Amino acid sequence: MFLTRTEYDRGVNTFSPEGRLFQVEYAIEAIKLGSTAIGVKTKEGVVLAVEKRITSPLLEPSSVEKIMEIDDHIGCAMSGLIADARTLVEHARVETQNHRFSYGEPMTVESTTQALCDLALRFGEGEEESMSRPFGVSLLIAGHDENGPSLYYTDPSGTFWQCNAKAIGSGSEGADSSLQEQFNKDLSLQEAETIAVSILKQVMEEKVTPNNVDIAKVAPAYHLYTPQEVEAVIARL
């Protein structure tokens, strides 16, 4: 007896006859509703810029975290469900610290991304396994290791790709096409900041201010920009 479409919809571990996992596809669709995040890699390092949606004037802008530090040399920007992102980031932090403790060296950016995606593919661990749904979040992971700067993009299927520049979230289609036009491998870090924020400005529905944009760089150490530093980047546009 064949299951109906709705039964394939509910089962996260069941392939449909066409070979599709609908829950994973829906999670990928959910990210298209999230705030826009942009990553740009240069020879000096990687820049991340993210739109922060401040839904109320009563909200404290600094409490909306869209860029997080994983280790001294790795940071990540997110789009989608922040709680899911936090679960993945906490897992990555533990992995990087365990690696540092065991081997006396920092974990490579690719290995950290792989550890994150392994968890994404298992849909949680320990007691969370009973929840068993895909993580509704996509990440841009920026880092700097012995191989130089790198930028990775992950999605809810547990797949990851290495990119030179990438946009995720609701404005990703327009932002990606702008990145293709403006990106070149000889960009300086300062030019990458300007490009990332100017593209965010195009896709955002409101004026760009230090309250609704976060910027970070990994060059080679992770650094989240202060509101004054963000203001200086915006002033260059």
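Cβ coordinates come from backbone N, Cα and C, glycine included.
The ubiquitin cross-link annotation in Swiss-Prot covers K43 (among others), and the record cites similarity to another entry as its basis. A 10 Å cutoff on Cβ-Cβ distances gives K43 (ubiquitin cross-link) a total of 12 other Cβ atoms nearby, all chains included. In the three-state DSSP assignment, the secondary structure recorded for K43 (ubiquitin cross-link) is coil.
The feature ubiquitin cross-link is assigned by Swiss-Prot to K66 (among others). In the shown protein chains, 24 other C-beta atoms lie within 10 A of the C-beta of K66 (ubiquitin cross-link).
Here Swiss-Prot flags M1 as N-acetylmethionine.
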